[in-house]
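The structure under discussion is supplied below as C-alpha cells; questions concerning it will follow.
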Amino acid sequence: MALIQPLANQFHRELLRKNLTRIFGDFDDTLLHSLEPQLQWVEIGGGEQLFAQKDVGDSLYFVISGRLQAQITTEEGTQKVIGEIMRGETVGEMAIFTGEPRSATIVAIRDSVLVKLSKEVFEKVILDYPAVSMNVTKLIISRLKNSQGGRKSVKKPVNICLLALHNSISLPDFSHDLYQALTAKGTVYLASSTAVDEQHGMVGFAQTNKNDRKAYHELSQWLDNQESKHEYMLYVTDSENTEWTQRCIRQADEIFLIADATQPSVLVSHEQSINSRSATTGVPQVLVLLHPSDTVSPRHTREWLSLRPNVKSHYHLRRESSQDMKRLARIMSATAIGFVVAGGGAKGFAHIGVMRALEEFDIPIDFVGGTSVGAMVAAAVSFGEPSETVQRIMKKGAMFNPTKDYNWLPFISLIRGKRIKQMIDDTIEAFVGVRQIDIEDTWRTLFVVSSNYTQAREEVHTRGSMSKYLLASTAIPGVFPPIIDGDDLLVDGGTFNNFPADVMSRAKVGKVIGVDLARDQNYRLDLEEIPSPKQLLQDRFRPKKQRKYRLPSLTSLLLNATLLYSAARRNEAISYSDLYFNPDVSRFGIVSWAAFDTIVEKGYEHAKEVLQNMSSEELASYKS
C-alpha cells in the first residue's frame, strides 16, 4: 500500500464528497476544505491486505476505484468471504464508531485507490460539529440492521475480464456481441489492446509494464478515468499471455473464461496464472461454454467444472444466439430474473400456466429452482423450451399417473416409486433425447431442493444427476421411498423448504419471481375425539353434503405434516419474492393428475391478471 497524490478526476472528487456526506450528513464547504488536507490518498495492489481481522480500528477508508473483499476466519479456522466493497462505498467505519477491533480482514481484489480518514480526524469532526454525531448514530443503527440478515442486493462487477480458452473462439466478435447486449443495461467501455493503442496513437502502449513507471501510471490513470465514466469495463485479453492480458486479469472484478464446448475440457496455459491470482485475491471465475447453434442440450459439464475448482458459476450459450447473449448480459449486470416454484403435487402444474403468462408479457427467465413438483417444473423450464413444449411433455407425464404403483407391503412407503422414476426419466428424455443428464447441463441455471433425513438439514443441489435429485425432491416421507445419496437418505424438499425463494435470492439475480401454492386455511373441528374406523367407514357411505366428519385424508395428513416447518416459514419466503403469484388451486388434490389442463389454466389466468394490474414501469423492470 502506498500514498499517492490526490486524483484530479472530478468524478473521483464527487465520489469522495458523497462518501463524506454519507458518514457525516449534509455539511458545508468549510468542513470539506478543513478535511481535505487531512485525508490520505492510498493505492493498494490486487491481492494486498488493507487490514486484518482483530486489528485495532484506527481509520476508515473510502473506495474511490477498485474493489475489496471482506473475509473472516471461522471458529474452525477456515477463511470465509462475507462480502465485497465496491467503488463509492466505505470500509472500516464500524471499528472506529464502536471502538471494537476489526471484524473482518479486507483484501484488494484488484488494484484500488482509497482515501483514508484517521480516527483522530474523525473524532475531531465530531467534537467541532456536534450535529454530525446524529448522522453517525443513524448509520450505525442501519449497519446493525443490515447485518441481521434479510435479502442482500447483488453487487454487479464493474471490470469484467474476457479470456478465450481456445483459438476457435473469436474473442473480438464475442466481446462485440456482448458489448451490444450489455449497453442495454448501462454505459460500457470495450477495452482491448488494439483500442488502447489507437486511442493513444502509439502501437504497443497497451503493453506498457511497470519498468516504464511513468507510462505505466499514465495508462493506469487513463483506464481509471474510463472506469469513472462507464458503468461497465469489458477488458478483452490478447490471444497470448501478454502484458495487456496480465493487466486485464489484475483489473478484473470477475474473470469470464470463454470456452469452446466442442473442445477437450483440459486446462490451458492461461489458466495457471489466473488460478494463482484467484487464490490470492479471491477474484471469481465464471465459465462460459459456447455451443454450436443447433445444440439441443449441453453435455459433460461436470468434466469442465471438476478441473476448475475456482470456477464459481457457469453458463451455456449457443453461438449466434442473441437471446443467450442477452441472458449473459442480464447476469453480468445483476438484472437476471429468477423463477422459483413451490411444491404441491399435481397442483404444481399451475407453474406452467404462470410461465406461459410471463412469456406473453416478454418477461425472461434466467435462473430456475424449486421443490418437489416445483423442482420437476423448474427442470423442464431449465431446458430452454417454450411453455407450449413444457406443457405438452409434462402432460404426458401426468397422464402416466406416477402415484399408481401402490406398495402392498408398505414397510418404507405407501407407493413403490417405480412409476414416478419412470415419469421423470421419460420426461428428461422427451426434452433432451437421453434419460440421464446432470443438473449443470441446462441452458438456464437450475437448483433443486431436497431434505437430508440423516443430517436433518436442507440440501440445495446445483450439480449431479438430475433424475436422482428430482426423485429425492419429490420423495414425500411415508408416501415415496427415500433416496440414498452416499451415506445419507434424502426426502422431499418440502420438509425444510417448500417454497425456496430465499435460495433464489442468493443467486445472481436482480428480481425473484415466486409461485406459491399454499393457501391460508385452518382445520376447525367441532369434535372432541377422532371417530372410530367403523364410524368413518359408515360416514363415507353417506352423500357428501350429509357427512358428519370432515377430516383430512391420510395422504393429506402425511403431506401437510411434512410441510409444517415450511408452512411456518411461508411469510419469510414470500418476502424474498419481488413478484409473487399465488393461484387458487385448493380444490385440487396432490394426485389430481387428470386435471392437468385445468390446473395449468388456473395458473395462467391468475398470472395474467396479476401482470395486467402492474404498472408499465413495474413491468419494464422485469423485461430484457
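Every residue gets a Cβ built from N, Cα and C, even glycine.
What TrEMBL says about a protein is an automatic prediction, not a curated fact.
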Can you identify, from 10-14, 150-154, 370-374, 545-549, the stretch that TrEMBL calls motif 'GXSXG'?
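In TrEMBL, the motif 'GXSXG' feature sits at 370-374.
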Among the residue ranges 25-30, 271-276, 343-348, 601-606, I'd like the one that TrEMBL describes as motif 'GXGXXG'.
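In TrEMBL, the motif 'GXGXXG' feature sits at 343-348.
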Whole-number answer please: how many Å between the C-alpha atoms of S372 (active site, nucleophile) and D492 (active site, proton acceptor)?
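Answer for this pair: 6 Å between alpha carbons.
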Is it possible to list how many residues within the domain 'Cyclic nucleotide-binding' (23-126) are helical, extended or coil according to DSSP?
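Helix, strand, coil within the domain 'Cyclic nucleotide-binding' (23-126): 26 helix, 43 strand, 35 coil.
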What does DSSP call S372 (active site, nucleophile) in the simple three-state scheme?
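It is coil.
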How many neighbouring Cβ atoms, not counting its own, are there within 10 Å of the Cβ of S372 (active site, nucleophile)?
31
Compile a sequence-ordered list of residues in the same chain as D492 (active site, proton acceptor), six or more apart from it, whose Cβ lies below 8 A from its Cβ; state 'none' when nothing qualifies.
G343, T371, S372, S450, S451, A472, S473, T474, A475, I476, P477, F480, T562
